[in-house]
Amino acid sequence: MAKAPVTVTVTGAAGQIGYALLFRVASGQMLGPDTPVRLKLLEIPQAVKAAEGTAMELDDCAFPLLDGVDITDDTNRAFDGTSVALLVGARPRAKGMERGDLLEANGGIFGPQGTAINEHAADDVRVLVVGNPANTNALIARSHAPDVPPERFTAMTRLDHNRALSQLAAKAGASVTDIKKLTIWGNHSATQYPDIFHAEIAGKKAADVLGVAPDGSGGAAADDHQWLTEEFIPTVAKRGAAIIEARGASSAASAANAAIDHVHDWVLGTPEGDWTSAGVPSDGSYGVAEGLISSFPVVSRHGRWEIVPGLEINDFSRARIDASVQELIDERETVRSLGLI
Ligand SMILES: NC(=O)C1=CN([C@@H]2O[C@H](COP(=O)(O)OP(=O)(O)OC[C@H]3O[C@@H](n4cnc5c(N)ncnc54)[C@H](O)[C@@H]3O)[C@@H](O)[C@H]2O)C=CC1
Ligand SMILES: O=C([O-])CC(=O)C(=O)O
């Protein structure tokens, strides 16, 4: 028997990421080749026409799995019956705006969207926040949805994870498929910590392959600790800014790709013997303050993210995880003081 269509809501549908994302969702790359999708596109009134143009192109693809497209500027209607909510639309940082201003502007978007999800979404709703600052926007949305299990609100760090995979593979002369158990910890910001100390390259410990010792004492090659601290970590953490510099616009296709990967793995499971990274509500694991939406090593089993337990954290990693988590604590304090959570 054919499966029932799954309702997927995309906010900011007329934006750059929306344009790169919708066609892949409609083609079945996110939920699998046997799951029809019904799309709901939310935009601000000025961008509804552009979203209609995208919907015309979706029609023109004649995707067999696309069961319908609904375009609206009404938040309640956009989340009616939704099972997958991709919160992409956000207020971009304008010139002269402080981080607090940005958080406040986004509170005006993610608070009402959380409320609408609480009231109108399907019982199995899963939420992925892409719009920046993604972790704290997810926290704001979640705090407005008391009837939705908290673990259904997640923030995207899969793009950072994929960037780290690619950088590590290039350094090791390996394929990305040879690399397992890489982790992004903390915030989707320049403080994030891409951790290679549990990673494996073709079954061997990445730190051994690369001669990187956690205390900087060197290994096979003295330069490799420097590669970790001065190349790998900053390249991954500042990749978004480097793309903006090069392209004149922020990452769009790679961000859409990461959103597809995140939801695909959440719904359909992560492969055995590996894990990925996602911003999920902390249960206090690894000393991360409970309730923060922080990036962790995660697997998905039976449709739920689980934080990978029991990893040993060396002092090098500890300091970097703590710094990124502190930034999340500070953002939480700011939105609390603004009455947004
Ligand atoms: N977590 C991550 O790894 C990444 C996050 N991002 C973030 O994703 C967000 C979107 O990026 P782009 O698509 O490139 O931006 P964009 O500016 O091209 O598109 C954003 C769209 O959101 C819409 N929008 C604004 N407020 C809205 C609201 N209240 N409801 C519905 N739609 C609304 C705008 O009209 C616009 O069409 C940005 O915040 C960006 O910083 C981008 C790359 C990676
Ligand atoms: O900084 C931005 O707006 C884009 C972003 O999050 C990224 O590419 O990681």
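Backbone N, Cα and C atoms are what each Cβ position is placed from, and that goes for glycine too.
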Arg93, Arg99, Arg163 bind substrate in TrEMBL, but which of Asn132, Asn135, Asn257 does that record place at the same site?
Asn132
Give me the non-local Cβ neighbours of Gly12 (NAD(+) binding site): same chain, 6+ apart in sequence, Cβ-Cβ under 8 Å, ordered along the sequence.
Gly18, Leu42, Glu43, Leu87, Val88, Gly89, Ala90, Gly131
Shortest C-alpha distance to Arg163 (substrate binding site) - which of the recorded positions Ala14, Gln16, Gln113, His188:
His188
Just counting, how many other CB atoms are there within 10 A of the CB of Gln16 (NAD(+) binding site)?
16
I'm trying to understand the geometry here, so how far is the Cα atom of Arg99 (substrate binding site) from the Cα atom of His188 (active site, proton acceptor), in Å to the nearest whole number?
14
Restricting to the chain of Ala14 (NAD(+) binding site) and a gap of 6 or more, list residues whose Cβ falls under 8 Å of its Cβ, or answer none.
Leu41, Glu43, Ala47, Val48, Ala50, Ala51, Gly53, Thr54
Find the longest CA to CA distance in the recorded substrate-binding set Arg93, Arg99, Asn132, Arg163; express it in Å as a whole number.
25
With DSSP helix as H/G/I and strand as E/B, how many residues of the domain 'Lactate/malate dehydrogenase N-terminal' (7-146) fall in helix, strand and coil?
65 helix, 26 strand, 49 coil
